[in-house]
Each structure stands twice: as C-alpha cells, then as structure tokens.
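What follows is a set of notes on a single structure, which appears directly below.
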Amino acid sequence: MAAPAKGMWCSLGSLLRVVQTRDLNARRWVRALRRSPVRVLSPSGQVEERKRAPDQQPRKAVPKASSQGQRQKQPLETSPSQTPHTWEEAGLRYDKAFPGDRRLSSVMTIVKSRPFREKQGKILLEGRRLIADALKAGAVPKAFFFSRLEYVKELPVDKLKDVSLIKVKFEDIKDWSDLVTPQGIMGIFAKPDPVKMTYPETPLHHTLPLVLICDNLRDPGNLGTILRSAAGAGCSKVLLTKGCVDAWEPKVLRAGMGAHFQVPIVNNVEWETVPNHLPPDTRVYVADNCGHYAQVQMSDKTGDRDWACDRRFLKFHKYEEDLDTKTRKDWLPKLEVQSYDLDWTGAPAAVVIGGETHGVSLESLQLAESTGGKRLLIPVVPGVDSLNSAMAASILLFEGKRQLRIKVEDLSRDRSYH
C-alpha cells in the first residue's frame, strides 16, 4: 500500500504545479490587460486626475512646420554663393555654381541627345582649342562652364559679351566630359549655320572645286576622320545625307579635331535636294573599292561581274524582296568604271562615300548616272573585302587634289611660255 500511496501523492503534486502555473499565467495576462483610467468621475461630480507612470507619459509630437521651415532655410543658406562675381579686368560677370546647382546637368542632357540638339539648336564644344576655333569661325556662344577663370581669360573678350559664364567644380566637368583628360571648360553654342560662318582665309584660298557627299555613314569615328580629311584636302563643302550620324555629336567633334570650323558642313540633306547644293555642271562620282573590279576595270565585259559587285555595292535590303535577279540587273543604273588615278577632275566634281555596313544608296547611283559620273575604282588585293570608309575618302580626295594641282601647274607653265 505504501508504494501506490506514494505514486498517488506524486501525481497529485505534479497536477497542482500545473494548475498553479496556469493560474499564474492567467493572472499575468489579466494584469497586462488592465488599464488605469486617466480621469475618475465620482458620484458627487468631482473629477479626479490620475498621474501616469513614467513609461506612459505621452511623447511630444514634432511640429511639421518646424521641419518645413528648416527645409526652406537650406537654399537661403547657400544663396550668398549665387551672387555674381565681378571680373574686373574685362568687365564681365560670372556666376559661381552653388551646391545642388543643376544648370550644368540640365544643359548636358540636352546637348548630348540628338533629338534635343535638333530641337533646341544647341551643341557642346569641349576644350580650349576647339572653342577658340569655333569663336574664330563665327559660332555664337550661349554659355561657358569652367573650373578656373584663367581658361576663360584665354578666349577673345569681345566674343564673350552677353554670354553666361558659370564657374563649377572640376569634378562636375569630369563627370560630364567625354574626354579622357578634361580641360576644365565646356562651351554651349548655337548650332552653326554654314551660310553665316566665316571660315579661315587660308583654307578658303586653297579651296578646290570638289564636294564630298557622305551617304549613310553611321560610325562617329569614321565621319570625324572623313571631315578632317575633307578639310585637309580643301573640299569646298561636305554634304551629309539623311541617315548619317550627326556631325555635331561629341564623338564626331572629337575625331574631327576642329575640321567642323574649317569646311562648310550641311547636315541631314535629302537626296532630292542634293543637286541644289552642288555647283552647276557638277559630275557625281561614286567611290568603289570592291575587289571584284581589280581585274576587270579596263574590260568592256563587265556584265555578271558588275552585278556580283553591285549586290555588295548597294544597300538592297530595301528593294530585293520584290525583285528577282534579272529585274534588278536591268533596273540598276549603268555606270562606267574608272580607276581612281585617272583624270576625273576636268569639271567640278562630287565624290560619294558610302557606309561600310550597307554601301552606297541607289539614289547616289542614279544621281551619278544623271550627271555623267562614274565609279572610281580603288583596287584591292583578292581576298580583301573593302577599305575603311575614311581611308577610301582620304585616297580619293587627295587624288583629286593632286590632279587639280597638276592642272594648275600646267596652266601656269603654258602662260609663262606665251
């Protein structure tokens, strides 16, 4: 009996402990749910105020007006730095950018986008030399962002009248610059009009009766190099047909090395209006560096070989869907092929340079046929697809310059004999 009694008392003890634990937890929950009233209304009508515990004291709300007032005061603290500083040496005034100034970023957003550039009529020029060349050619400046005042002092003072001068940190210029080593000055100019520009007299003295037509050139580096070659050869004008990369894109400007302000450039020209930009009696020649002509250039039996080169020569992705091979062969303009080193400068000439991706357009061949022009062959060795567009343009332009120089020398020699 002792053992069962002992087991019964142990079970009863454990049960009591469980009941006590549950009762303790219940009391804790009840204590947590109890709330002390803030005010007590007695039957007599008296109100008794109860004091809150320290942890129950209400927090003071921060008034919104004070935070707004602090926000409104922040620009006022930086307003003294917006006061224009006077440049006493030339009587010009410049602004010093204040923290959070967005004038530079807003302008850069416009001039670095082609649609915005064309809509706003503004371009970006970077570097002291390029800016000086633009001012010398008659470009109209709108604003200059610079990190040191000495950079502005190097520019012609008479060209800086009514121009916004804003001094910014060099880090801000570096963030927006396309150069590896920024020069600390950026200029915003109105998009130049070739009719109103005053180009340097020395290049004009050596100008040739030679016009360059760029057809669907899309690589900025190639176009900048071509413009540089055109300025060096002495072209009278450069026409960029619709579809070419913008001549005023920063990469083209960087590759051009100032050629934009040494030769007139007409941008975004429709093929229907190209003859309006050419001198009277101009013959249009098309650059042809297709290797298939290297062996048949002087032969009269071009036939199928002409067509083999034409398929790579033209951008037929727009036309070949609805035409079979025979129809296209009859439809193509018939142009005579001539070696580039033979005389082709007897009359005013225009040279068409096509892009490397699609070649020249059908419109260029039709214009060449209507003006009595030819294909100028640059022979390359078998296995080589073609030359770089900038290289082909340089070869033809300087060959034309050589031929014209020989004509001038022969003419002066004949006059000396008489």
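Each residue, glycine too, has its Cβ placed from N, Cα and C.
Over in Swiss-Prot, the protein carries these features:
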TRANSIT   1-40  transit peptide
REGION    41-90  region 'Disordered'
COMPBIAS  47-58  compositional bias 'Basic and acidic residues'
COMPBIAS  65-85  compositional bias 'Polar residues'
BINDING   G354, I378, L387  S-adenosyl-L-methionine binding site
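On the structure: features taken from Swiss-Prot.
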residue : record                               : DSSP class
G354    : S-adenosyl-L-methionine binding site : strand
I378    : S-adenosyl-L-methionine binding site : coil
L387    : S-adenosyl-L-methionine binding site : coil
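Here the binding-site residues are I378, L387; the one with the fewest Cβ atoms within 10 Å of its Cβ is L387. Listed in sequence order, D215, N216, L217, V286, A287, V360, S361, S364, S389 are the same-chain residues six or more apart from G354 (S-adenosyl-L-methionine binding site) with CB atoms under 8 A from its CB. Comment: S-adenosyl-L-methionine site residues G354, I378, L387; largest CA to CA distance 14 Å, whole number.
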